[in-house]
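Reading through the structure tokens given below for one structure.
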Amino acid sequence: MDDNQKSLILKSSSQYPLPQGVKLSYGTAGFRADASILGSTVFRVGILAALRSLKTQSLTGLMITASHNKVTDNGVKIADPSGGMLTQEWEPFADAIANSPTPQHFVQLIDEFVKKENIRFDGVRSAKILLGRDTRPSGESLLEAAKQGVYSIVGATAIDMGILTTPQLHWMVRARNKDMKATELDYFEQLSSSFRFLVDLTPNQIKMSKTDDKLIVDGANGVGGEKLEVLKKMLNSMDIEIRNSGKEGGVLNEGVGADYVQKEKVVPQGFHLKDVGIRCASLDGDADRLVYFYVQSNNASKIDLVDGDKILSLFALFIKEQLSILKMEGDDHVDENYEARLGVVQTAYANGASTDYLRQLGLEVVFTPTGVKYLHEKAAEYDIGIYFEANGHGTILFSESFLTWLNARNNELSSKSKGSEQQKAVLRLLAVSNLINQAVGDALSGLLLVEAILQYKGWSIHNWSELYHDLPSRQLKVKVVDRTAVVTANAETVVVRPPLIQEAINVEVAKCPQGRSFIRPSGTEDVIRVYAEASIQEAADSLANSVAKLADQFLGFGNSG
């Protein structure tokens, strides 16, 4: 960097001093904290987004959101040129600049990093960054801080896309870098047209009953409800009622939203006994998570939850069926031996019953450590990779080579057997690839895909819920002196260090029918997270407590005696 560039960053950053005593780390979700202390962090991430754009010679994105956190929080994260999350290699640099104590130190860090990464400031290609924010009141001033960060890099351009869901911004970045049209209207049109196309391929004999037509969506009083209103107008065939849209005066994520519904297993605010039996869904605050539920007939506050594991199972079942139809053909065709590899990716938190169900379908199921970035990376290794966390965050990835094959197959079938079951299966898979957001988990595109598949199967939410029955589970956390003392392997399911604790956990697990338990260190605080499941709730609770005691004895303060 030349002296002019350094002095520009120095001057700008002095307007955004780091608050005292603040230490932030860039996790899967970027930086998150109380909005009042985030100005300097967002400013610095603006610079980071511009540097990432210069390094990759591509457009990047910056989103201001704290997803399912409370309304007084906010956060910031970067969308890489692929539309995915910031590459893990840059996370330590993000941590370093966010916590740099003075403007001088901050400029020095950037200068060293620019040299190390060989980032060129030659003006041949300027940095371009798309900016978005959710509906939080603090978003506007933080967006201004992000712009100031971007503009402190010579020649960098910030393009404010307004209020968006997080997945919309990621979708736009991915689309722009593929030289596709990428306005918000383009997003809505791609989702709505793909949905209609998929629904039109529903077999004629399948019709859902009138009671199953209706869908009620909890918008978490956030941006998702507002955007679903727009989509609803473009899908006039769908009977959607949107509650907690943010217009009724409710508070973002307070007693509403996917995170609340999934963790508490109770109805969100605004849902009642009169909703019994109706299909319901919850988005989270920035609409990247989705869960379904229905109100129990005997208790207006209790729900039967249809979580991310069941969404994954529905998607996997549908795609497997389409691939099976493709294999049934007997005629000569392009690349007869093309065997699409379908992979399902989960974490250790996935309910064991879902894993058993998927394996019984004959699917390849693999595990990664907790975190969307690990799931996404693994799913990308397949022709079709599906990943979901139980919390409702996930998507489907299609390889470019498989999409090329599908398009060639469609062209060939059009000339030989137009309208055949095989061609319909090809068209369904192509429609799914356009409907699902392949950049990141997206509650709106996921919701439309669920609705299209339920119509295709002629299923109610009860049919879907009955695919398998979750094993009862319990999660606990144990305060420890140093969480880094725990080292895990096999996608966090086995403890390697400290020695002997895994053997002790195995002894406890062996006492429980269908028992399973693991511990893993938290990514953000000095606690160890304990997960246990078993055939009955009492056994899961007992197993979790036993393993928590072990964690305390080996790693904690010895409070459990």
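Numbering starts at 1 and runs along the chain as displayed.
Cβ coordinates come from backbone N, Cα and C, glycine included.
For Ser67, the entry in TrEMBL reads active site, phosphoserine intermediate. Non-local contacts of Ser67 (active site, phosphoserine intermediate) by the CB criterion (under 8 A, 6+ apart in sequence, same chain) comprise Ala29, Arg32, Gly75, Thr166, Asp284, Gly285, Asp286, Asp288, Arg289.
Residues annotated as Mg(2+) binding site in TrEMBL: Ser67, Asp284, Asp286, Asp288.
Summarising the annotation, TrEMBL assigns substrate binding site to Glu389, Ala390, Asn391, Arg520, Pro521, Ser522, Gly523, Thr524, Arg529. Around the Cβ of Arg529 (substrate binding site), 22 further Cβ atoms fall within 10 Å across all displayed protein chains.
Looking only at the domain 'Alpha-D-phosphohexomutase alpha/beta/alpha' (57-90), the predicted model's pLDDT averages out at 96. Summarising the annotation, TrEMBL assigns domain 'Alpha-D-phosphohexomutase alpha/beta/alpha' to 57-90 (among others).
TrEMBL lists 125-178 (among others) with the feature domain 'Alpha-D-phosphohexomutase alpha/beta/alpha'.
If you look up TrEMBL, you'll see 182-291 (among others) marked as domain 'Phosphoacetylglucosamine mutase AMG1'.
Residues or ranges marked as domain 'Phosphoacetylglucosamine mutase AMG1' by TrEMBL: 307-459 (among others).
Summarising the annotation, TrEMBL assigns domain 'Alpha-D-phosphohexomutase C-terminal' to 491-549.
Neighbour counts were taken as the number of other C-beta atoms within 10 angstroms of each residue's C-beta; across the binding-site residues Asp284, Asp286, Asp288, Glu389, the minimum falls on Glu389. Note on the domain 'Alpha-D-phosphohexomutase alpha/beta/alpha' (57-90): residues 26, 28-36, 38, 41-42, 45-46, 48-50, 125, 127-134, 136-139, 142-143, 146, 150, 164, 166, 169-177, 220, 251-254, 257-260, 284-286, 288-289, 372-373, 376, 438-440 of its chain, located 6 or more positions outside it, place their CB under 8 angstroms from a CB of the stretch.
The Cβ of Gly523 (substrate binding site) has Gly27, Thr28, Gly371 as same-chain neighbours under 8 Å, each 6 or more residues away in sequence. Each residue in Thr65, His68, Asp134, Thr165, Thr166, Gly222, Gly224, Ala258, Leu283, Gly285, Ala287, Arg289, Ala443 lies on the same chain as Ser67, Asp284, Asp286, Asp288 and has a C-beta within 8 Å of the C-beta centroid of that Mg(2+) site, without being one of the site residues.
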